[in-house]
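Pulled from TrEMBL:
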TRANSMEM  20-39  transmembrane segment
DOMAIN    21-414  domain 'Major facilitator superfamily (MFS) profile'
TRANSMEM  60-81  transmembrane segment
TRANSMEM  101-125  transmembrane segment
TRANSMEM  146-165  transmembrane segment
TRANSMEM  177-196  transmembrane segment
TRANSMEM  221-248  transmembrane segment
TRANSMEM  268-291  transmembrane segment
TRANSMEM  298-319  transmembrane segment
TRANSMEM  325-344  transmembrane segment
TRANSMEM  356-376  transmembrane segment
TRANSMEM  388-413  transmembrane segment
REGION    437-507  region 'Disordered'
COMPBIAS  438-447  compositional bias 'Basic and acidic residues'
COMPBIAS  454-475  compositional bias 'Basic and acidic residues'
Amino acid sequence: MGGAVVDTGDSGVKAPDGGWGWAVLFGCFVITGFSYAFPKAVSVFFKELIREFGVGYSDTAWISSILLAIIFCGPICSILVNRFGCRPVMMVGGLFASLGMILASFSTSIIHIYLSTGVITGLGLALNFQPSLIMLNRYFSEKRPLANGLAAAGSPVALCCLSPLGQVLQYKYGWRGGFLILGGILLNCCACGALMRPLKAPKKTSEVDEKEKKSKPKPKLLDFTVFKDCGFLIYTVAAAIMVLGLFVPPVFVVSYAKELGNEDTKSALLLTILGFIDIFARPTCGIIAGLKWVRPRCVYLFSFAMIFNGTTDLIGSMAKDYPSLVVFCIFFGISYGMVGALQFEVLMAIVGTEKFSSAIGLVLLVEAIAVLVGPPGAGRILDATKNYMFVFLLAGCEVVLAALVLAICNMLFIKRKPQQPDPPAKMEMAITETEMEELNKEPKDNQDNGGGDNGKKQAIEHEAMAKSDDKKVEEPESIGVDSIEVENTSKKMTEPNGVVVEPESSL
């Protein structure tokens, strides 16, 4: 970064793994909570909207679907982040998120809410969610799995807070007043964006800065070279398959409980149980992923989490009473938290810091398509079969298939680089620099004092030979004494009178 506070991922600045990074983690925690929990919290107002505009439940459900799909609109955010940096993009996104909810409070038709809450608020949350993950990746390296787990815990925490808050606001102020107050709450995204302070490199001289600016290529707004990475392709395909079934059980579990004859309040308690378990599962999984012997195999831990989640869906499809659904929600909360804590950690490990901003945008775009297809597809199966068992079976099979694709393809197509032996340590010279200078020094009066100088050279040579014997140097070029003796011998000349002189000194 050359001393300037710019927001690039290839600056070479070492991640501090703490310090201001904890403030960045807090901001990411809040943003993740808003991004994942807000589409579900808005559903609290659906009954009021149905009564106000005379529409059906399926029409109001499109509000959450559009909102969630726009949040996953990654490439636009990647381009803006690579062009302007994370902090300004997040602060503008906070304004958009708040503006959308404020405008929605003055809506006169359901279409207006689609555009305001769905598109504008969704775009604002998208401009916060992705940059917060990018900054978290830049501030944490060794502790990154733990940081990702803690940040991901914002989703269940916010869900436990926003849903009851929405019910209270609806009861006291109606849906219009509730939307207006929620719009004010979303202004906190701007404060979280202000926490995303770019890393600053050590100061350098102006000449070095100018050379770096000239030699450094312009950063790409969207780096499509990530598709050349086989690991990224495998991850993207697996993530798309996973998202088809991952969000289906939380959407249908309450309806499933009602179908079994349970009360509305009792059925809604299942989501509270799921969210409570999820809060503790994500940080715990982050700690496990950060262990030395686990972190290099984080991809396989992610695969195990998906298999755990899919198997839970398959077994949960057999539930016939409320206690069985409670057990299902406990195990689903654990596995769901593991997946949430690991999905972006694995992506960071695959593509690295420099390409992460582009990679996450492209992955979220693929996931957005899968989000629009998954729950509605499950709903059609439910309409056709009138049986929730098939919905959970399909979701479980999709998640397990994603785990198998990720694990098997990594074993088959990702070649591990063999560990190269450490380069041999450089052989130390047997003669120190001071001794070399003394050996190469030209005597002023060699002809008169040749015996004295030669005696001094011989003493130095004997001392050097003793040092070389102690260090047991094997390479011939590292034995400084022998090479110097040969050179000196070749340079010596014998005069007719028997006096040995140096050629240079004789000149």
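Quick reminder: no glycine exception, Cβ is built from N, Cα and C everywhere.
On the 0 to 100 pLDDT scale, the domain 'Major facilitator superfamily (MFS) profile' (21-414) averages 85 in the predicted structure.
Comparing 101-125, 221-248, 268-291, 356-376, 388-413 for CB pairs under 8 angstroms to the transmembrane segment (60-81), the maximum falls on 356-376. Counting Cβ pairs closer than 8 Å and at least 6 residues apart in sequence, the transmembrane segment (325-344) and the transmembrane segment (146-165) reach three or more and so form a contact. With a cut-off of 8 Å on Cβ pairs spaced 6 or more residues apart, the transmembrane segment (101-125) and the transmembrane segment (268-291) reach fewer than 3 such pairs and are scored as not touching.
Remote same-chain partners of the transmembrane segment (146-165), defined as residues 6 or more beyond its termini with a Cβ less than 8 Å from a stretch Cβ, comprise 21, 25, 28-38, 40-41, 44, 132-133, 136, 139-140, 271-272, 274-276, 278-279, 282-287, 289-290, 337, 340-342, 344-345, 348. Remote same-chain residues near the transmembrane segment (268-291) are listed as 142-150, 152-153, 155-157, 159-160, 250, 253-254, 257, 298, 301, 305, 325-326, 329-330, 332-338, 340-342, 345 (criterion: CB distance under 8 Å, separation of at least six residues from the stretch ends). Between the transmembrane segment (298-319) and the stretches 177-196, 221-248, 356-376, 388-413, it is 388-413 that has the most C-beta pairs under 8 angstroms. Sequence-distant contacts of the transmembrane segment (356-376) (same chain, six or more residues past either end, CB-CB distance under 8 Å): 9, 65, 68-69, 72-79, 81-82, 130, 133-134, 137, 220, 222-224, 226-227, 232, 235-236, 239-241, 243-248, 251, 344, 347-348, 350, 398. Outside the transmembrane segment (177-196) by six or more residues, the chain places 23-24, 26-28, 30-31, 34, 38, 41, 45, 86-91, 93-95, 97-102, 104-105, 117, 121, 124-125, 128, 131-132, 135, 166, 169-170 with a CB less than 8 A from a CB of the stretch.
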